[in-house]
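Listed in TrEMBL:
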{"type": "BINDING", "residues": "11, 12, 13, 14, 15, 16, 17, 18", "note": "ATP binding site"}
{"type": "DOMAIN", "residues": "4-183", "note": "domain 'Guanylate kinase-like'"}
Ligand SMILES: Nc1nc2c(ncn2[C@@H]2O[C@H](COP(=O)(O)OP(=O)(O)O)[C@@H](O)[C@H]2O)c(=O)[nH]1
Ligand SMILES: Nc1ncnc2c1ncn2[C@@H]1O[C@H](COP(=O)(O)OP(=O)(O)O)[C@@H](O)[C@H]1O
């Protein structure tokens, strides 16, 4: 059986990663498995433990990380995030395409370990629109919004490290473009 792809999806906070993902993640043709990360950030209304993230304390996170349980990890605006190593290779060996929705430092670590990873960066139509979206979502206090926006400009400087850059103007169109990219790579490898 053909080994599944390792797909990395990044993009600044509020660009619409989650919104675009919802449009294609359950497409049976793409054979995707979403990797549920560990995070120390607080759960947002509507999020579910074990579905959006495994919500853990800082102590639990560091214990897993230090025991070698993470494929990659990073600190993002005051919280830790990491991809559990268990499951990723197993799923790929079963032919599943594993999707990691992670930030730029983690993506770098993944690329070092797995240079074949299919990396996609989602950009907003403009920084003003990004600001409108992150504020409009209303999940973070103003101080955190400011920190995430400052981070966003630095992250946007890293798009050259990604194989594909997709603009999220219309989420369905962005999802269709990502579908085509994944299908093309499924045929190639
Ligand atoms: N390195 C790394 N980044 C992650 C992981 N999970 C999520 N992230 C990233 O952490 C950042 C913050 O995520 P989150 O707090 O959910 O905010 P959101 O992007 O605004 O929805 C985003 O860039 C995510 O892509 C992970 O396991 N590892
Ligand atoms: N193409 C788009 N046009 C307008 N609003 C969008 C678009 N994509 C996402 N949004 C909105 O922007 C906000 C942030 O989207 P979200 O998917 O939570 O981003 P991320 O997961 O990248 O942080 C949400 O309120 C979402 O409804």
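Glycine too: its Cβ is placed from the backbone N, Cα and C atoms.
Keep in mind that TrEMBL annotations are predicted by a computer and have not been checked by a curator.
For the recorded ATP site, residues 11, 12, 13, 14, 15, 16, 17, 18 set the reference point as the centre of their Cβ atoms, and the other residues of that chain within 8 Å of it by Cβ are 122, 124, 130, 133, 134, 168. DSSP assigns residue 11 (ATP binding site) to coil, not to a helix or a strand. Contacts of residue 13 (ATP binding site) defined by a Cβ separation under 8 A and a same-chain sequence distance of 6+ are given as 77, 134, 148, 151, 152, in order along the sequence. The domain 'Guanylate kinase-like' (4-183) scores a mean pLDDT of 97 in the predicted structure. Taking a C-beta cut-off of under 8 Å and a sequence gap of six or more, residue 16 (ATP binding site) has these contacts in its own chain: 122, 124, 133, 168, 171, 174.
When each of the binding-site residues 11, 12, 14, 18 is scored by how many other Cβ atoms sit within 10 Å of its Cβ, 18 comes out lowest. Each of the binding-site residues 15, 17 was scored by how many other Cβ atoms lie within 10 Å of its Cβ, and the smallest score goes to 17.
Listed in sequence order, the binding-site residues among 11, 13, 15, 16 whose CB lies under 6 angstroms from an atom of ligand 1 come out as 13. In the three-state DSSP assignment, the secondary structure recorded for residue 16 (ATP binding site) is coil.
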